[in-house]
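This report concerns only the one structure given below.
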């Protein structure tokens, strides 16, 4: 133990005598460890955010998307690929109570981009065209006014609900109910379509990395036929009577759609039916893959930092060859010389690890603040496991990359070392 503290004292003295070189030596370790902390923190924060948002939708919600997918990956439609395998006849078939008895609400949805105009003001936003029961499926709350009814949805009435941010921009002093706005899309030749404002959605902020307040809601038929000019459904949402009946309802829906699409083999499915558990499973697999990739990048930084430390330690051994020879001549053993240089490498990486942990925590906190400022309900999460892992990895890096220079120093012949110029 006495030799250990003596080595620490010598190491600190040597490091302080070469401050600039010591700092540059540990920089790679600092970046690598900070990267580990940031990756684990952001991964946990992002996962908690999206899981919380998905859970808010309710545990009895089923999503139906066009396109085939495996159980662990999202359908292509999630990434914006337009697939036309779901149509209104499918929705009507699912609404058949004898076929899908536990489905309480079924809504068709299409989305797109539009320009909304009121007077001389124009705003580019997105629209969601759906049915009146969307308010129950998505738990939509109103700031003022009402959502359109099922009857207005079926009649394709020219009524519109504004997202909170859209309403704030068009009517900064409040109000707006009963006013006429116009929607125009560049995707068709219908021109501007007038809509009467009947409601404003309450402020929701960002959900699933999308600003839910920068959108408008209109009846399904108008959005599908007149604005987008399509005859298919982008996705379907289903609300079951109880969470316990979700799995049964999924099986019922799959049976109905296979019959509708004349599919005999489940491997030929051209649709995907998912519940909350599936969404969480997909999310977890995506975030885990992302964290693994980013962790690999941080690992490479640690390896580069470790190689830098090994190179500097080899230079240090060369510079201090006469000192090593003198110490051996005065009775220092090879193991003591080896341990001194090994401790120096570990101290270097340890300092880098501590600085990296502090830097990682600060950057993670700043990112969390920025995310909250941007409207995300982001949690600042620092796992004790991440700190322990960072300390362990940085120390292990010092041992691995400091071992070769330490052994080289220990093997020096004292007579040859004293002659070294």
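Cβ from N, Cα, C; glycine included.
Per TrEMBL, the feature domain 'MacB-like periplasmic core' maps to 22-254. For the domain 'MacB-like periplasmic core' (22-254), the model's average pLDDT works out to 84.
Among the features that TrEMBL reports, transmembrane segment is placed at 23-46 (among others). Here the transmembrane segment (23-46) has long-range neighbours at 287, 290-291, 294-295, 297-299, 301-302, 304-306, 308-309, 312, 348-349, 351-353, 355-357, 359-361, 363-364, 367-368, 371, 378-383, 385-387, 389-390, 393-394, 397, meaning same-chain residues at least 6 beyond its ends whose C-beta is under 8 angstroms from one of its own.
Taken from TrEMBL, the feature transmembrane segment applies to 292-317 (among others). Same-chain residues lying 6 or more positions outside the transmembrane segment (292-317) and placing a CB less than 8 Å from one of its CB atoms are 14, 21, 24-33, 35-36, 39, 43, 324, 341, 344-345, 348-349, 352, 393-394, 397-398, 400-402, 404-406, 408-409, 412.
For 296-414, the entry in TrEMBL reads domain 'ABC3 transporter permease C-terminal'.
When Cβ-Cβ distances below 8 Å are used as the criterion, the transmembrane segment (345-368) is approached by residues 8, 11-12, 15, 22, 25-38, 41-42, 45, 305-306, 309-310, 313, 378-380, 382, 387, 390-391, 393-395, 397-399, 401-403, 405-406 of the same chain, each at least six residues removed from its ends. Sequence annotations record features per position, and here TrEMBL assigns transmembrane segment to 345-368 (among others).
Sequence annotations record features per position, and here TrEMBL assigns transmembrane segment to 380-404 (among others). Within the chain, the transmembrane segment (380-404) has long-range Cβ neighbours (under 8 A, six or more residues past its boundaries) at 29, 32-33, 36-37, 40-41, 44-45, 48, 302-303, 305-307, 309-310, 313-314, 341-342, 344-350, 352-353, 356-357, 360-361, 364-365, 368-369.
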- Query: How many helix, strand and coil residues does the domain 'ABC3 transporter permease C-terminal' (296-414) contain under DSSP?
  - Reply: 101 helix, 0 strand, 18 coil
